[in-house]
Amino acid sequence: MVRIPETSGYKNPKNINLEVNMEFKKNQMVELYIDDIGNEGEGIGHVDGYALFLKDAVVGDRVRAKIMKAKKKYGYARVEEVLEPSRDRVKPVCPVARPCGGCTLQHLSYEKQLEYKFRKVKNCLERIGGLENIEEKMEPVYGMDEPYHYRNKAQFPVGTDKEGNLVTGFYAGKSHQIIPCTDCAIQHPVNQKILEKVLHYMRKNHISAYDEKTGKGLVRHIVTRVGFTTGEVMVCLVLNGNRKKLKNAEQLVDSLREIEGMTSICVNVNRERTNKILGSQIEEVYGPPYIYDYIGNVKYQIGPLSFFQVNPRQTRILYEKALEYAQLEGEETVWDLYCGIGTISLFLAQKAKQVYGVEIVPEAIDDARLNARMNGFDNAQFFVGKAEEVLPGEYEKNGVYADVIVVDPPRKGCDGKLLDTMVKMAPKRIVYVSCDPATLARDVKILGEQGYQVDKVSVVDQFGHSGHVETVCLLSRKDK
Ligand code: SAH
């Protein structure tokens, strides 16, 4: 039985317009039934028309909750007790799932998480995108076979607890309090060994953790990367200082090298008093400051600062979908906008005549060019700049052409100027890869008014146990 209601995943608290007759206050206790799911995967329930948003609540739960923040028409509450659990509620695998700010959906069965994500995309496309019967064009959601230990990148803050002991783990939700945890359920299992070895080395050599309040202390974060295909492992210590501050560094190296696949140990220098995890300077400690990994047949070099998709198995599915939707036969010219390190571009270059990538971050384009060379692609060319400036500029100046345009924008979606140029260029197909179904739907509507129809949609779960949704959408010219 489908129990998630039709309105799922689509509520903006500001639009709630129910009559509220009672006044609600902070710290007030209420009992309520959870009847909907919000944009971040939180539960939504009502008391006399007053909407409450509750983290850690599942549709179908009956809960006792404490109001933490009360606005006029809606508020936020904390689950104090689950009075009657929903049938979809499961016991989280991770003991710190609730306090940790990482996973927001671990108490919802994975099957229902996928259903929620599917509905979220469907509802956005129908309501914001104005598309009818879109479900007919949607493929079944691509979930993970094993929704644990899927991440290839982790960033663990290091600090001290109240007793002054060194700890590492994750920040609690909306705070910088460290929840100690070395065996995260969604990270690669090698992380546990790494964290224990680094903490052991730090204790033995009296190496301090960085303290955000005073700006003193050395080790800020432990950043790890794992190549799922190559088995290569990287450890990067983010220091408030340089590598010379690591006393007896050889002890750390010897200990970490006992881990199979340890290829790269390096330091990232970050002396700034900011929330930014990484600084720009990298120093080698052991091996090169990068590892390699593959997505499909394409090889990528990954350093501590490189952007690389965090779930390589699902990324492969996502990119293969993008490639399938592009329907390349070998003679096409393809533009890949918001291309990052050229991951999709190189995937497309396997089948296209020529690919052009555009990305705003210059370092990402350096990686894209390097990866193109390393894989022997001479049919991929990259531009640094804003997609909404580079593409219109190239079109107006040089009359560039595209058979297919691929876009993979950040959450805010595509710029209007970019969409205008795309329409003018009249590609046969547009493949829209999206990490936010609301902006996808908005852009699809704009493209729909300019002659493009949605042919196919697939939802690929890249981030199990979080509310994030990744979608690939194929649009084609209505007159073709
Ligand atoms: N397609 C890539 C990256 C997608 S993430 C991949 O799959 O790995 C979105 C990317 O858009 C980021 O790399 C970000 O730096 C870039 N970006 C953000 N705003 C942009 C803009 N206005 N023009 C071009 N690129 C932009």
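The backbone N, Cα and C atoms fix where each Cβ goes, glycine too.
Within D254, D408, D415, the residue that TrEMBL lists together with Q309, Y338, E359 for binding S-adenosyl-L-methionine is D408. Of the chain residues outside the S-adenosyl-L-methionine site list Q309, Y338, E359, D408, F307, D336, C339, G340, T343, I344, P409, V433 have their Cβ within 8 Å of the site's Cβ mean position.
Listed in sequence order, the recorded positions among Y338, E359, D408, C435 whose CB lies under 6 angstroms from an atom of ligand 1 come out as Y338, E359, D408. Summary for the binding-site residues E359, D408: the Cβ-based neighbour count within 10 Å is maximal at E359. Secondary structure counts, DSSP: the domain 'TRAM' (23-81) has 0 helix, 36 strand, 23 coil. Long-range Cβ neighbours of Y338 (S-adenosyl-L-methionine binding site) (same chain, at least 6 residues apart, Cβ-Cβ under 8 Å): V358, E359, I360, A387, V407, D408, P409, P410. Per-residue pLDDT, averaged across the domain 'TRAM' (23-81), gives 93.
Listed in sequence order, the residues of the same chain lying 6 or more apart from C435 (active site, nucleophile) and placing their CB within less than 8 Å of its CB are P410, R411, H468, V469, E470. Applying an 8 A CB threshold to same-chain residues 6+ apart, the list for Q309 (S-adenosyl-L-methionine binding site) reads I295, T315, L318, T343, Q462.
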